[in-house]
Amino acid sequence: MGHRRAFLQHLGLLGLSTASITKIFDQKKKFIPFASSEPMLMCSRGEYWGKKVLNPAWDVLIETNNILDAIETGANVCELDPTDQSVGYGGLPNERGVVQLDASCMYGPTHRCGSVASLENIKKACSVARLVMERTDHTFIVGPGALEFAKAHGFPEENLLTEESRLRWLEWKENMSDKDDWIPPADGVYIKKAKKGGTINVLGIGMKNDVAGITTTSGLFAKIPGRVGDSPIIGAGLYVDNEVGAAGATGRGEEVIRTCGSFLLMEKMRAGMSPQKACEFVLERIIDINGGLDKVDFNVKMIAMNLNGETGVASIEPEDHAAPYASIITSKGYKLISGKAMRSM
Ligand code: GLY
């Protein structure tokens, strides 16, 4: 028996006539959420950051019933922590040694969004992105304009370059060419290597099936000043849809931008694909565009959740020699989830 017929028979047992089922699938042609979605928060990191970010975010959700406050609280934890060298304070700088942050925020019930890019001297980039969404008639503010806007809202200007990140940058600068005037130290010693990090996505479904998401990053290390990645681009590094769910990307932003990764993922979920399959679909598209896995020398990771409470995570490369992971938290507590790496381990 074909899958479709078996599925229809299964629904028939639930008391739905074939005519009404056909109506659901053929007329609406969109994802039909279960009525009983449970609140859930999701983060693109494993257990260490997953718990650090999601536990306080969950507390805020329970206290305030406000999904945006919850995910912002979680993302701020990472932005404010200098031990993470890929997000916020302590992020790795551009080729001139200046930290420039990108972030976005999107809210399902209003379908509104806000982003900042190339933002300097402000630690909580995602909070500024949220204010662009909530307190302007625009969606995207960049560079000095974003800094001015943040200052207008009372954010203090601070140096984002930590000693660890400065030394990491100096190491890059002094070793990138033997034809310039920068010379590495005689003993070749700089500093212990940075902890692994990466852009972070924090996604959530609140108490009223209200979906929201944040993506925040310091972007590519040693990037050309002004380079903007996928994180603040709505539809690339982040997308949410209140009828379907939420999706986010980390990794090489240029590839996610040219595939509209998070929007593509969302549309696949809307058409009925599971979050896991939809994450894999986007990565397959990226791999195809690049001429096959053999030609791919970068990583992209996609995460997603839908209103049924299903989740997905996939990356091109394995993570720590294992399947890629992400974290979720629900009323049942924290859970590490793992998905699929497109390149076998
Ligand atoms: N995904 C982060 C970036 O490429 O900037």
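The backbone N, Cα and C atoms fix where each Cβ goes, and this holds for glycine too.
Taken from TrEMBL, the feature active site, nucleophile covers Thr199. All chains included, 29 other C-beta atoms sit within 10 angstroms of the C-beta of Thr199 (active site, nucleophile).
What TrEMBL lists as substrate binding site is Arg227, Val228, Gly229, Asp230, Thr250, Gly251, Arg252, Gly253. A sphere of 10 angstroms centred on the C-beta of Arg227 (substrate binding site) encloses 17 other C-beta atoms. Arg227 (substrate binding site) falls within neither a helix nor a strand when secondary structure is assigned with DSSP, and so counts as coil.
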Recorded positions close to ligand 1 - of Thr199, Val228, Asp230, Gly253, only those whose C-beta is under 6 Å away:
Thr199, Asp230, Gly253
Count the Cβ atoms, other than its own, that fall within 10 Å of the Cβ of Arg252 (substrate binding site), considering every protein chain shown.
19
Asp230 (substrate binding site): tally of other CB atoms within 10 A of its CB:
32
Quick one: what's DSSP say for Arg252 (substrate binding site), helix, strand or coil?
coil
